[in-house]
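Quick look at what TrEMBL lists:
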- 11-133: domain 'Fungal STAND N-terminal Goodbye' (DOMAIN)
- 273-437: domain 'Nephrocystin 3-like N-terminal' (DOMAIN)
- 556-631: domain 'GPI inositol-deacylase winged helix' (DOMAIN)
- 773-805: repeat 'ANK' (REPEAT)
- 806-838: repeat 'ANK' (REPEAT)
- 839-871: repeat 'ANK' (REPEAT)
- 872-904: repeat 'ANK' (REPEAT)
- 905-937: repeat 'ANK' (REPEAT)
- 938-970: repeat 'ANK' (REPEAT)
- 971-1003: repeat 'ANK' (REPEAT)
Amino acid sequence: MTRKQDFTALWEEALGKYIESTSRTLPEQDLLMRLESPEALEEQLETDHNKFTAFRGRHGKITERLKKAVRPFTVLSSVASSAVSLKPFTPASVILGAVVFVVGAADGVSEVYDWIDELFDKLGDFTVRLDEYCKEGINPYLGAKVVQILGCLLEILARSEKTIKIGRWKKYAAVLFLGKDEEIKASFGKLAKLLEDEHRLVDAITFATNQRMDRRIEEIEQIGKQTLDAVKSAEVGVDAIRQSQLRGQILNWISSTDFPSQQSDIIDRRQKGTGQWFLEAPEFNNWTQGSKQTLFCPGMPGAGKTMVAAIAIDHLFRTIQNNDNGVAYVFCNYQSRADQNTTILLSAILRQLVQAQGSVPESISHLHERHSGRGTRPSLDEVFSTLQSVLQNYSRVHLVIDALDECQDQEGTHNRLLARVRDLQKDANLNVMITSRFIPDLEAEFEHATRLEVRASNEDVKRFVTDQIYQLPRCIRRDNELQNLMKDKIIEAADGMFLLARLYVDSIRNTTTKKQVKSELEKISETFQGAKELVQVYDQSYDNLIRRIESQPSTKSALARKVLSWITYAQRPLKTGEICHALAVELGEEDLDEDNIPEVEDVVSACAGLVVVDENSDIIHLVHYTAQEYFKRIRETWNPCAQLEIATVCLTYLSFPSLRSGSSPSDKEFENRLKHNVLLDYASRYWGQHALAVQEQVSEAAILFLQDGNLVSSATQAVSMLGYKSPNYSQDFLRNETGLHLTARFGLLYLSERLLSQPGENTDVIVNLKDSSDRTPLSWAVENGHEAVVRLLLEKGADLESKSEYGWTSLMCAALNGHEAVTRLLLEKGADLESKNRYGWTPLMCAAQNGHEAIAKLLLEGGADLESKCKGSWTPLSYAVRSGHKAVTKLLLEKGADLESRSMYHWTPLMCAAWHGYEAITELLLEKGAGLESKDEESWTPLSHAAQNGHEAVTRLLLEKGAYLESKDNRCRTPLLHAAANGHVMVVKLLLEKGADLESEDNAGQTPLSHAAAEGYEEIVKLFLTKSELNLDSKDINGWTPLLWAAATRQQQWMEDRNFEAVVELLSSDDRVGLNSRDINGRTALFWAAGEGFLERAELLLTKDGIDRDIVDNFGHTALSWAEVRGQRDVARIFENTT
């Protein structure tokens, strides 16, 4: 191989890596070839980036620096072309273009512009030398080194662009450019090494010229290659660490719900062999092997449904879960309803499926970037659409939802969750198993599903009782006959209910003689035989346990009463440390006495078996859902002062001296505060809910807390913390909050009135004070739907049109959150119907976005503008459609909304519905006359959108309505090509059935088969190979065939669902495929497989009859020699082994 060919290959590789790593679009790639001078760079920057212009006005040196620094690259372009006959060698335009993209990413962050200036300053000496090289003529060896340096510069610019984007969102871009970003640091290390090699090479060239020692130059070059390989290896390590850290951060951001800990807790309690009957049931086995199956597993309370669910999950992980088959699960919990809405549960499922993959999918990364810097969370629709995308990475997914009935709440979580899961099943191979109590409404939902009742077998109950004997009194442990009697009586009385067996065993623990044991067993039998309903059995069992608790010494029974009150009234599950701290608080004392903190074992013991602790999660809870229902019925009479006691404890805790210094100034100090004040998180979040019914009784303690700005700040900081942590996370909380902000948020009317009537306070000022997000107390009261507090604040002079940091008014908040009564009140008070936030949203758009039909009606009746547009040109109809809200869509259409309104990218509502796969809304829009062939700015039709995203039902509907099968976008891509390029097998099948053109080519000359092969979609390639009329050797504009694409495409981390080796095997085994077909550079599939280091693909090709391993490309290379030039040393072994 000649040096100029090496030169060309190196530059092609560097340019290709840059385009791949930055995902440059075709127009962007065009820009890379267009900027031919520093003046052109300056003009482009001035035209495209106003913020850069403003910066330059203050710091004029940067454009001069850039112009001076890149001028030698422009000289190099022309010199190199004549010196070594290089056609594609355009370093100046590419580097200039790369700078433009970095500046665009900077978006006004001045530190980034400074950093660009410093980068080219560091290159100053090199560019001076480059000038000299160009004057004297470039030695081929030196030319290769220069190209390596230019490639490294491109790499730095690409990584910096990516880092700037992340840094800007996370508000610490400056830190990244002070040498703390590991990726960029590694790239600079590589650059420094290359520059050092360049110096040494120049010295060697001089020496060789005088002494004609060409061999010495080769040796030095080899040293340089080895050094470069070492740098690359180090980079891989740095990349791995960085990726691992980012992956963990993103996973925690997706969901902090810890269902795996619950799974471990439950499985740890399983006796060996328990639930085997369920795993062997035909219904379960058919479900595990089926496709899009639903298995409904109802059971009586206490039958062991959660244990069975955990056993099923464990079985799925051991026998089915792998890269192609996903497993996810959720445990719905009566005590976690506040933290288990539809969005949270779907997010937990999403996290599990992403965590099982080797890398974070691009859709997740984009979602994280969009929200993390702003501190916002994804909407339900965003989570749902992302979950749809992630499900496509699996051949099949098994989802287990335990205790769906425990998600029943005012928001209709169980219905919404079920609806979303069914929508997921439409587009993905998703098998769903659901456990629930016998609830008529829920049973009706699963009328047509496979059904398998959960009921503890006698063998399972016997195993449980046997396992408990070692903990029972000696009189039982020493008497086998008594043990057998106990087993028989408990198995009979339990009647398939695990929980009853457990309660019956607990009732025997305090016996001391055989007579007492037998007497207790008789009571158990009588209770079972006398009860008409299961609830009576449970109630009698719990009554017995309460009597046991009350018969204990007064201190112990009082402790149990407090524990049970805290657990039954708690707004979320409590950890053992939290409840122990709560129990240690002494009213009237100013601080927590650590000597008063009880041991958790004593806490559990006092509750006579009604309370258990999960080992892995450290959560303390009631023994069963039926116990929670029991205490809900009796708690107000059993302990009528519980809420007052809990609220007082919370307020006392929040007022401790250790918190009077205000918020913690650093992450370390904040974490230390939480460590020593274990109840702080719970008390800060929920004191208001506990105080709601007892405001007057706790008013003195509450007012002292609410009027202390430092105490309020401490509590606000604790409330603001989410489950994931980024650098300086503890400082990202709402500052300047007042006590009135808190009472408004909690809906505490009495305490709000007290704060507004404090002597010496200016009510007009207090009522309109803003926190650091520019939100007033009114804004918070409105968001949470507290009508009475809203009315009070308005009466006291609250500003109706006050806007938050992002321009949200109170009316927008009410509309967005679905608070009809509050919306009506605000409208009565004259709220502006057309107020807009920073994004141009109106209240009607807010209602449409979240599907609040009643509020949309109110706003329309008040005269809201039906065709108002946000900054992205979306109308209320567009928002209703893209969020999948059919009722609001129908309402807006009935009111005359424009069916063909154009939003950003020139999308119509029908395109939006097709993109998201909303079949019912698509049908509604078509019925109203929506344009079937309307095109967006890229000339995509609704059918293109549906096919691109794999929505089979919508694709079918559009075709039935007459959509044009061969519509082409700006790149001449048809719906079939979109479906094939994105791996949607069912849509491809449907389009082929309808007669789609197999040979259609896009602007680059690629066919649907070519795209499927290039993306590694085995099933789609198989499908195309069944078409005898298809040309399998079609070439694109670069002469690439489908086989070349499959052989040459690098499998990225996010392509885990692809199988390029299988595609190569399929194509190369078909007689219609030309194994030795060449591209425009004379290279075959074998060239590319070998040159890219894809050993398995190269080996597959080398074993095929008819493969020509000795073909020479346009530059004089064979496949083997080209692989060696590109550093693929292992390829030689493959060639040797297959001769």
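Cβ atoms here come from the backbone N, Cα and C positions, even for glycine.
Quantities reported herein were computed from a predicted structural model and do not represent experimental measurements.
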Self-check item: Cβ-Cβ under 8 Å with the repeat 'ANK' (806-838): same-chain residues at least 6 beyond its ends
Solution: 778-779, 782-787, 790-791, 794, 800, 844, 846-847, 849-850, 852, 854-855, 858-859, 862-865, 868, 870
Exercise. Please list, for the repeat 'ANK' (872-904), how many residues fall into helix, strand and coil according to DSSP.
Key: 17 helix, 0 strand, 16 coil
Quiz item: In the repeat 'ANK' (839-871), how many residues does DSSP call helix, how many strand, and how many coil?
Solution: 16 helix, 0 strand, 17 coil
Quiz item: Along the repeat 'ANK' (773-805), what average pLDDT does this model show?
Solution: 96
